[in-house]
């Protein structure tokens with residue numbers, strides 16, 4: 001059986017699992033893991049086929065979620081960034097008893113643009129898939145550059161993301177393609193209407209991949225959830241605004257503890 005790479009840090013009284021985005025790995029959290037591990041028992045995970053979780057091919061969203069769950073604590077706050085937000089959401093839908101709260105970061109339940117739904121144009125995602133076959137390192141770098149565009153620290157943030165990618169062997173092309181296929185096809189807008197645990201959605205005002213127009217639409221569709229927009233962030237608010245980001249998670253932890261004690 002293939003193993004998921006998993007690292008646990010800290011001894012907080014609430015578990016927090018962090019799931020990274022497409023093309024990346026758990027090293028992306030190093031900018032905040034020290035701070036978070038002083039408040040939580042922190043779980044850093046490389047998604048199947050990414051980073052140190054080798055030996056996996058392209059997986060469906062459901063299979064990716066099940067693979068990650070195998071090594072997870074019984075109960076935790078699940079936080080997913082971008083593609084990781086879909087994985088965390090899938091776990092909240094299929095195993096709600098194991099999710100104390102769901103946090104999605106710069107993530108959309110439907111990344112692909114649809115009728116009356118803002119998102120990434122399907123032909124752009126298909127283009128990325130095609131380009132992966134031609135020059136996959138350059139394609140990944142282009143995708144990373146898109147994630148930080150427009151912020152005051154764009155160049156520095158893009159360098160941080162690139163360093164994360166290059167720190168470990170690149171994922172296989174079929175794994176990257178599989179991740180893009182999930183972004184292109186999955187739509188969890190309706191299913192997530194039914195989750196009952198605390199649900200926090202974090203966005204960057206300048207995000208070029210998850211348009212801010214989706215925020216009020218999802219506020220209306222999911223009135224039980226809360227949203228927060230980082231005014232000067234793009235697709236990676238935890239890199240550009242680490243202090244503010246951690247503060248929101250610590251505040252969520254306090255709410256989760258109140259709920260679990262009542």
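We count from 1, first residue shown onward.
Just so it is clear, glycine is given a Cβ too, placed from its N, Cα and C backbone atoms.
The active site, nucleophile annotation in Swiss-Prot covers 82, and the record cites sequence analysis as its basis. When secondary structure is read from DSSP and collapsed to three states, residue 82 (active site, nucleophile) falls in the coil class.
Residues annotated as active site in Swiss-Prot, with sequence analysis given as evidence: 207 (among others). There are 26 other CB atoms within 10 A of the CB of residue 207 (active site), with all protein chains counted.
Here Swiss-Prot flags 235 (among others) as active site, drawing on sequence analysis. Residue 235 (active site) has a Cβ environment of 29 other Cβ atoms inside 10 Å. Residue 235 (active site) falls outside any helix or strand according to DSSP and counts as coil.
Sequence annotations record features per position, and here Swiss-Prot assigns substrate binding site to 22, 82, 83, 143, 144, 145, 146, 147, 235 based on sequence analysis.
Taken from Swiss-Prot, the feature domain 'AB hydrolase-1' covers 15-242.
Neighbour counts were taken as the number of other C-beta atoms within 10 angstroms of each residue's C-beta; across the binding-site residues 83, 144, 146, the minimum falls on 146.
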